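What TrEMBL says about this protein:
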{"type": "DOMAIN", "residues": "A:3-248", "note": "domain 'Thiazole synthase ThiG'"}
{"type": "ACT_SITE", "residues": "A:K95", "note": "active site, schiff-base intermediate with DXP"}
{"type": "BINDING", "residues": "A:G156, A:A183, A:G184, A:N205, A:T206", "note": "1-deoxy-D-xylulose 5-phosphate binding site"}
Amino acid sequence: MRLYGIDIASRLMLGTAQYPSPDVLAEAFRRSGAGIATVSVRREAGGERAGATFWDLVRDLGVTLLPNTAGCHSAREAVTTAQMARELFDTSWIKLEVIGHADTLQPDPFGLLEAARILVEEGFNVFPYTTEDVVLADRLLSAGCEVLMPWGAPIGTGLGLTNVYGLRTLRAQFPEVPMVVDAGLGLPSQAAMAMEMGFDAVLLNTAVAKAGDPAAMAEGFARAVEAGRLAYQADPMEPRDMAAPSTPVIGKAFLT
Amino acid sequence: MKIIVNGTATEVRSETLATVLAELGYGDAKVATAVNEGFVPAAARDVALAPGDRVEIVAPRQGG
C-alpha cells in the first residue's frame, strides 16, 4: 500500500490511546504488525516531560507516525494543531479531524474542507477524517488530498459499518484513491468486511485498546484485515437467492 | 506581566516566548507552541509577549 509516496507493508493502522499500560501498547503493536500509528499533541506542564517519554515509546515501535488534530472544532484550531504536530513529530502527514457534532463526533464537512485547503497549500500530506459523503470526498480530492479516511461508525462506538451502501458508493466512485475506513470498528469481522469491499486499509484504536486482551485483539484484527484483502483480490462469487447444489447431481445413486 | 499559559493565568518576569518557556521549566522539553491561537515555530520564539497573551504549550501524546 502506497500513501503519499511511502510504501506501508501493513493494511492495519492502529491508534496509541487508552491502553492499560505502555507495555501493553507495545505488545499490541507487535502482534498487530501495524505499519502506521496515530498520535496527538496535548498540553504539557513545565517540568513534566511526559511528551519526551511518549516520544521515546512510539519511536521504538518502528512504525510511521500519523499525528491527528483530534478534538478540534474549527478549521483555524485544526490548522494550528497540525502546524504544532508537524514540528513535534517531524512529519508532514496529518490526520485531519474537524469535529462538527458533539454526540456523534461527526466531521464538520465545511471546516474540514477549509482546513484541508490551507494545509495542502502549506505542504501537508492530509488524511481527512470524513464521512461517506461523495460530494465532500470529491471536494477534498480537488483540494489536494490524496487519501480519504471515511468513518465506519462514530468514534469509539464499535458499531462497525453503519452505512454499507454509502461506503460502497464512495469506494466505487473513486476506485483509484487510497481509502482507509477510520473509526467505529469494534470487531475483526467488521474490519474484514471493509477490506472485502475494497477499502485499502482500516484504522482503529478503541477496539484493541479497550479489549480485555489488547494484544490478542490486535492480532485478531491483523488476520481479519489480511483475510478481507485476500477475499477482495480473489474476486468473490455473486450471491444468489435460490440454492444451487455444489455437489454434482449427475451420477447420484438412484435409490427410490 | 500576567499571561495565560495552557488556560491558566500565570505571572511571568520574562518578556519573550523563549525566555518564558525557560522560566516555566520547559528548558529542553519536546514542545511546540502557539500564541493567541497562531503557531509559533521553535525558531521564532524570540517574539515578545504582551500582557493577556494566550500561550499554548503542547507535547507528543497518545492519539487515535
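Residue numbering: from 1, along the chain as shown.
Glycine is no exception: its Cβ is also placed from the backbone N, Cα and C atoms.
Shown here: features listed in TrEMBL, placed on the structure.
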residue	record	Cβ within 10 Å
A:K95	active site, schiff-base intermediate with DXP	28
A:G156	1-deoxy-D-xylulose 5-phosphate binding site	16
A:A183	1-deoxy-D-xylulose 5-phosphate binding site	28
A:G184	1-deoxy-D-xylulose 5-phosphate binding site	22
A:N205	1-deoxy-D-xylulose 5-phosphate binding site	24
A:T206	1-deoxy-D-xylulose 5-phosphate binding site	19
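In sequence order, the binding-site residues from A:G184, A:N205, A:T206 that place a Cβ under 8 angstroms from a chain B Cβ are A:N205, A:T206. The CA atom of A:K95 (active site, schiff-base intermediate with DXP) is located 16 Å away from the CA atom of A:G184 (1-deoxy-D-xylulose 5-phosphate binding site). The average pLDDT computed for the domain 'Thiazole synthase ThiG' (A:3-248) is 97. Spanning the listed 1-deoxy-D-xylulose 5-phosphate site, residues A:G156, A:A183, A:G184, A:N205, A:T206 have a farthest Cα to Cα distance of 9 Å.
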